[in-house]
Amino acid sequence: MPSLSSLYGCAALGAARSKLRPGSGPRTLPDRTVLAQHPGVSLEEAESYRRLFGGESFDGVHRAALPSVLVHIIGFPVQMALMSDDEFPLPLIGLVHVANEVEHLRPVRVGQPVQILVSAGNLRPHRRGTQVDITVTVLEQGADPKAAAAVGAGGSAETSVLWRSVSTYLSKGAQLGTEVSTEVSTASGAEETGSTAVTRSEDPKSFVPPVKTASWRLGSDAGRAYAAVSGDYNPIHVSQLAAKALGMPAAIVHGMYSAGRMLEGREPEGAGHRWSIRFEAPVTLPGTVAFAAEPQGPKTVRFTGWNPRKARRHFSAELQLP
């Protein structure tokens, strides 16, 4: 598996290179996928994740399957390996994580070896720069990666696909030299690297907070705590000085920390669910997040996180149960 620390180091060394300038660097995505073998999440690693968010212990009876965000964590280094490749047309440092859509098709058990397949697609102009989608597919060990890749989104249990996500990133200011999208994005303050309910485009100033169901009080060490579990030591999450040097007002919590916290205790053990999240204003540390979980019928829950003082939304999300 790729090392996140070495990938961030290489990205930092190459950050000065200007990409997507006229006559400079690739303007297309690399025509390849990255495949990695993962030996499985150990019980110790799963328990470290549990201690971060609370919830039931992984006792093998009441809880044996990994939560979605822990599956994301094991695939993230492979995703980073593709995005830090010299042929990738966008600079890794400064990418804004806009959104995630996840299909958790089948359970991934503690200790279960898996294959991780990563590809990039849908490179497109945006009014603030350039967007790209990164697809991560987690497969059973021994499954045919080519067959799984051919199935694409919407695969069924018979394909040996366990979990699939599409992460959308924005590279601010990077232009492809073509007509820009008219899509209105609220991700201008989203996390930097970085369902229909969360793809709506609306003016952040029109946000009306829902009825709060919980408050998350995050200390200045929240970024370091998630990094210790995930291995994602992106400087903007673990250092106030580094975050400010990179243009943030303060260190910010990982976007997937918010995803993991909102989903804790709400995902079915047998999987078969889908969820999505769109990131907006970053959560600066230390800070408080007002949180609402709103049932939208027997199989759908809508989530919202926002700044209770400024009434500014941090994220909107949706969980669809089987």
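Numbers run from 1 along the shown chain.
Heads up, the Cβ atoms here are built off N, Cα and C, so glycines get one too.
According to TrEMBL, the protein has these features:
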type	residues	note
COMPBIAS	181-199	compositional bias 'Polar residues'
DOMAIN	212-301	domain 'MaoC-like'
REGION	181-208	region 'Disordered'
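The residues of the domain 'MaoC-like' (212-301), classed with DSSP into helix (H, G, I), strand (E, B) and coil, number 28 helix, 25 strand, 37 coil. Looking just at the domain 'MaoC-like' (212-301), the mean pLDDT is 96.
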